[in-house]
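Remarks on the structure that follows.
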């Protein structure tokens, strides 16, 4: 969708709101890396956050994707189009993996090319219900390695950032992950995931049961995997696990957690090379989980 | 302010009824502060407060004006510095079986205050709280809390309640770690229902007023009227939703606040 057309459509929907289409990434990179120029970013809050905040108070047309619990709204599409069009203007050779494009059939293959990995609204179910836990997540990879990530908590106005070798921050404050190793003192976060068939639910609940039997302090489900992972990076929780999230939920948060000193791995166990497909943990959770 | 400072410091943590039922010095400090301040102003009033009750004070609700206090709701979150869900809840119970006044503050998040009074349902900041009106379990966002008991039988009941709601195609179930804040989300229309076994009168007292003033329903899990001391609750935007939730639940027995 052309930028001008998008803007005029947005102006029509929300007259009176100021529009300034600018990127918000907090990291500014100037060095050349392996022949790929890292994108220069401007620290400025973006229009897309305002779209989401405003839309939080309005009626939404909601449709479903893979299941009755897998929701998508117009705002998901709008925000994603906006992000991609803006990035494409600046970086025409870059590639994109984004949630709604993938749902429309675009392939999700990570190549060596500089690639933006985008979730326009993480926590769409919360968004639909106006439950105030909603985020935008943008990750960036080069040579199939994650380089930086940005996650914005839309209602609490918190910007989480992480860049390889440069640390992780939330609104300027350095993030440090928890060093807890004892499951019986841990606060564990997770998400239910989109599948709601009886067999899946049984597995999900039995995983939760196992962790609670191990005397975990608590298990929390907040409805946004990216924000839950940010809490982990901030040291406000000790572990996160999930089945049923996607690369666009993980990409930015993985950098942020690792730069905060945490671990992100596959649910099957030790760290593997390449993109982790599933979840993350502060300690060795895998043996307690059923897949 | 005490809490904000404590969020960044080491805490001495002890446990109450189970490994998951935490209490810190700050809980005690805040409660003492609130009670001493209120006692100075209202020397004839009575108090039911979480940490006093844990130390053995009786939780009997009489006809006297009674302040019902939870100094920190979400202590587990507090210990872990889980920053989002934390509340101090204070309410006054003016007339027997009628909650006259609810006052709730969310600290450490810099967020909104909610201060309704009987007949005025409103939120500090001018925004009137209002509930949504879904009647169908299949599009509902439901909030709950695990509760302090972690024995295998209780966990099985807790998880099977969750399972039943997810089978009914609820959009989602959320566990945020603070019952009072979850109830506030309900009052604000950000969720459709809340249920819990294992909470206390001080978690319920203020939030009940807020939800009812926002047009919602607060009742017992059996479907009958709310019993403040029964350690259980169902709350929802509509009567229909509350009844649907109540019907889906199996009871988890936590006794009563006024029998401990």
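Yeah, the Cβs are placed from backbone N, Cα and C, and that goes for glycine too.
TrEMBL names B:70, B:72, B:73, B:203 for binding Mg(2+). Of B:37, B:50, B:240, the residue it gives for the same site is B:50. The candidate set comprises the binding-site residues B:50, B:70, B:73, B:203. Of these, B:70 has the most other Cβ atoms within 10 Å. Reduced to three states, the DSSP call for residue B:72 (Mg(2+) binding site) is strand. Residue B:72 (Mg(2+) binding site) counts 29 other C-beta atoms within 10 Å of its own C-beta, drawing on all protein chains shown.
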